[in-house]
Amino acid sequence: MSTAPRHFLDLFDVPTTELRAILDASVAMKKRRKEGRIADKPLDGKTLAMIFDKPSTRTRVSFDVGMRQLGGEAIMLTGAEMQLGRGETIADTARVLSRFVDIIMIRILSHDALTELAAHATVPVINGLTRRSHPCQVMADVMTFEEHRGPIKGRTVAWTGDDNNVLASWAHAADRFSFNLNVATPPELAPNKLLKDWIRSSGASIKLGTNPEAAARGADCIVTDTWVSMGDKDGEHRHNLLKPYQVNAKLMSLAKPDALFMHCLPAHRGDEVTDEVIDGPQSVVFDEAENRMHAQKGILAWCLGAAG
């Protein structure tokens, strides 16, 4: 009797003990790599299918290289090539790919398409990004925080900007890893009803507000993201609403003296963050970028039941 595949779709789907095991494996694999111990190939002979409906440099390279470092291989498929959901049904695509590959990563705007793919796949499916959430990114962020500042449990993270997929996964992480999350957004760009309802039901230590200074005060880390994503309309209007939410030296000064600055990149310098902050000593954005690969290696190994 075959067991159900171990998907990685959202942080709240995975028990805290399992998320911690993934991070521990990710840290160990990174350490071995830095020490030149590269003989371990736990995914030797395994193939990852990467499906991209939304373009990405970091997601593609980090999954591709990470899979190769684990001894496997990766193939890339684009939405244009696959006509995902427009030609063959998503369910049939999931069934067919499951016969060819060992694991699937999909980066697609529609979260419903992700869950439908996972429902019909007989191999693990990883959420590489949807409009609703970005769990791989926030696993890398938690890994990065703990590299620099130790356990994140009980610490305070401030989010300043708008409601988006990265914020949602930070909220899920606050619940799973037991840290405080202060959120500051313009009233017009506040967290959506689905996320607010989830926050309310989760009991997580999350404060929603509109004042970036209040959110940042005493924080251990300040996080932001680009104000206008691909496909967003009314970019100029959003930009005007978000100007007061820029992360600059003044805002960073309200956080703890050793507070970190995080951004998942690419950054629009001069908009959501100043050069002074993103290039400054508190910024760990390039560590985050590197840790995308290491965290995803941990996720790949976990999904496939392989030792990291």
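Glycine is no exception: its Cβ is also placed from the backbone N, Cα and C atoms.
Marked as carbamoyl phosphate binding site by Swiss-Prot: Ser56, Thr57, Arg58, Thr59, Gln83, Arg107, His134, Pro135, Cys136, Gln137, Cys264, Leu265, Arg292. According to Swiss-Prot, the L-ornithine binding site annotation covers Asn165, Asp225, Ser229, Met230, on the basis of sequence analysis.
Distribution of Swiss-Prot features across the structure.
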residue: Ser56; record: carbamoyl phosphate binding site; Cβ within 10 Å: 15
residue: Arg58; record: carbamoyl phosphate binding site; Cβ within 10 Å: 18
residue: His134; record: carbamoyl phosphate binding site; Cβ within 10 Å: 27
residue: Cys136; record: carbamoyl phosphate binding site; Cβ within 10 Å: 25
residue: Asn165; record: L-ornithine binding site; Cβ within 10 Å: 23
residue: Asp225; record: L-ornithine binding site; Cβ within 10 Å: 24
residue: Ser229; record: L-ornithine binding site; Cβ within 10 Å: 15
residue: Cys264; record: carbamoyl phosphate binding site; Cβ within 10 Å: 22
residue: Arg292; record: carbamoyl phosphate binding site; Cβ within 10 Å: 24
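A distance of 6 Å separates the Cα atom of His134 (carbamoyl phosphate binding site) from that of Asn165 (L-ornithine binding site). Here the C-alpha separation of Arg58 (carbamoyl phosphate binding site) and Ser229 (L-ornithine binding site) works out to 15 Å. Rounded to the nearest whole angstrom, the C-alpha distance between Cys136 (carbamoyl phosphate binding site) and Asn165 (L-ornithine binding site) is 11.
Closest to Asp225 (L-ornithine binding site) by Cα-Cα distance, out of the binding-site residues Ser56, Cys264, Arg292, is Cys264. Classification of Ser56 (carbamoyl phosphate binding site) by DSSP places it in coil, neither helical nor stranded.
Under DSSP, Asp225 (L-ornithine binding site) is assigned to coil, being neither helix nor strand in the three-state scheme.
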